[in-house]
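Annotation comment: TrEMBL describes A:6-27, A:34-51, A:57-79, A:91-110, A:135-155, A:183-207, A:219-243, A:252-272 as transmembrane segment.
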Amino acid sequence: MLVSVLNGFAIGFLLFILAVGLSLVFGMMDVLNLAHGALFLGGAYLGAAFAGSWGGFLAALAVAAVAGLALGGLLSLMTEPLRNRSHLDQALLTLGVAFVAAEGLIIVFGDDPLSVPAPPGLDGSVTVLGATYPTYRLVLIGVGAVLALVVHVVVERTRIGALVRATVADREMVAALGVDNRLVKVVVFGVGSLLATTAGVLGGPIYGARPGLDATVLILALVVVVIGGLGSVRGALLGALIIGQVDTLGRLLLPELASFVLFAALALVLVLRPQGILGGVGARAR
Amino acid sequence: MTAVETRTPAPDAPAEPSGLRRGLPRIIAVVVLVVLAAAPLFLAPFATTTLTRIVVFALFAVSLDLLVGVTGLPSLGHAAYFGAGAYAAGWVSINVTAEAPVPLLVGAATGAVAAALTGWITVRTGGVFFLMLTLAIGETVQQLANTWEDATGGANGLTGVPSVRIGGEPLVNAGLLYWYVLAVGVLGFVLVWLVARSPWGAALRGIRDNEPRMRAVGYPTAVYKYAVFVLAGSVAGVAGSLLAAQQRLVTPADLSFLTSSFALLAVVIGGAGSLWGACLGAAVVVLVRETLGASLDGHGPLVLGLVFVLVVYLLPRGAAGLRRPRREPGRSP
């Protein structure tokens, strides 16, 4: 039971890192980025390619961060001509990119699942309140919590964050005040993608790296942002922690129906509060 | 009420119903049907099988077009109903009977029930939430197919589906099977086409173009959307039963996200809202997947991903029915 709760936290924080980028990009720019899962998978494969030592792990993190930033910027520019088109067009574009990226990864890394060892020193387990638990997951909870705090502080307490939140609430008004929307979009898209690839590296030791993982994590991230409310950092955190717990508990208690438990949670939230638990005016369904 | 319904034209209803009444398209339709019906007489068995796949996929794409193009509900998880119909038809063929109408009816009923169970929640939402929810439902159903091994065979799929029988005679010949699939496919297409040009279809196009106004005029838009969602699921289930008859095998890949997106691609290539276009798009998708997929060592999705990107940039009118920005009910939720 304790192990399950801890697992829930580890996966919850990982999902938060993944989902917050998706949520902000959608909340701000109305772009549903279906390539987000492919970015995560790219990070996971990078982690697998460099795995085995601390140097390799950190190098994977650094490469993933730079690549995520660049790819996010690229995606932002690619969606720019579609800014006045429907959500479906934007979703189709990012879906096409996701297919190309996922197939490219399979061509490079092969289609066998790769397992990713945790960095040396973290690959053992420790005893927590009488239960043995993998060290890496504990560290992941800590790292995830710190990252969540950093994202929260940046978005809620800094000038840049204020700009981001203002753009979520009313894009046209921010543009009227003389801020170049496109620049804000490129930066947010880039940082969101950076977080996705980083989550991929961090999640490698838990999920491994395999074809199809991109769709799995994309669904989880979408469920998180729908539950938490689009465009809200706190909503993404709350949604991620809830889904982390629901998913691990579901897998423990009803392994055959785990995905239905997830869907039931989603349905419940949508019936009771369609805009998400913490979804505000700026993040309503469009 | 009926008078109002028939007199409510959607602001820019696609021209296909009125266009078809003017001679030429009708002649083309007859010629296409005759050519399709005669195809097995001059095609090699392999080509006939490919054509069978195209017809199956076209019926699936048409059912999706009813949602995406006519009603403006962009679904990313429609393969769930297609696959549910295929599994149910396959299961019935193995365990009960493969006698002709039974697998079809079971497929249709399963598609409709699956759509009814999930639709009540999806049609409450619109736009991007609908995309996300249908995606999540599709993935959920695929995981069910993967884990519920007793009924679905798990990751290996449902193997050993017997040939469809008509009057006790199994359709093992590729040409006979093709005629069976074509007959059902044409019936399904006509059903969807009749719905799209009925007053109900006009109301659906009205919902696509301006749902708040339709609601204000007095249409119960949620009921309309729910009904069309169930109908589309049912037609997809019929297409699924054809798939089971053609492949004699149903795998979790048949209800995957990839299958959903291929169908969406077919709809978008053909131009959402024109049911004929969805059939042409389905033919393009199947041919690309079969011819290029083999030469690319199974990396068909790579090509289709590129096609997606190109279509979005180069054929914006392909998605004409969806580009109209839909007004929001109001700021407060």
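Any Cβ shown, glycine's included, is placed from N, Cα and C.
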Please check if the transmembrane segment (A:183-207) comes into contact with the transmembrane segment (A:219-243), where contact means 3 or more CB pairs closer than 8 Å and the residues in each pair are separated by 6 or more positions.
no
Is the transmembrane segment (A:34-51) packed against any residues at least 6 beyond its ends, judged by a Cβ distance under 8 Å, and which are they?
18, 21-22, 57, 59-60, 63-64, 67-68, 71-72, 75, 91, 94-95, 97-98, 101-102, 105, 108-109, 114-117, 192-193, 196-205, 207-209, 213-219, 221
In contact by Cβ distance (the transmembrane segment (A:252-272), the transmembrane segment (A:135-155); 3 or more pairs under 8 Å):
no
Tertiary contacts of the transmembrane segment (A:91-110), as residues 6+ beyond its ends and Cβ separation under 8 Å:
31-35, 37-39, 41-42, 45, 48-49, 75, 78-79, 82, 209, 211, 214, 218
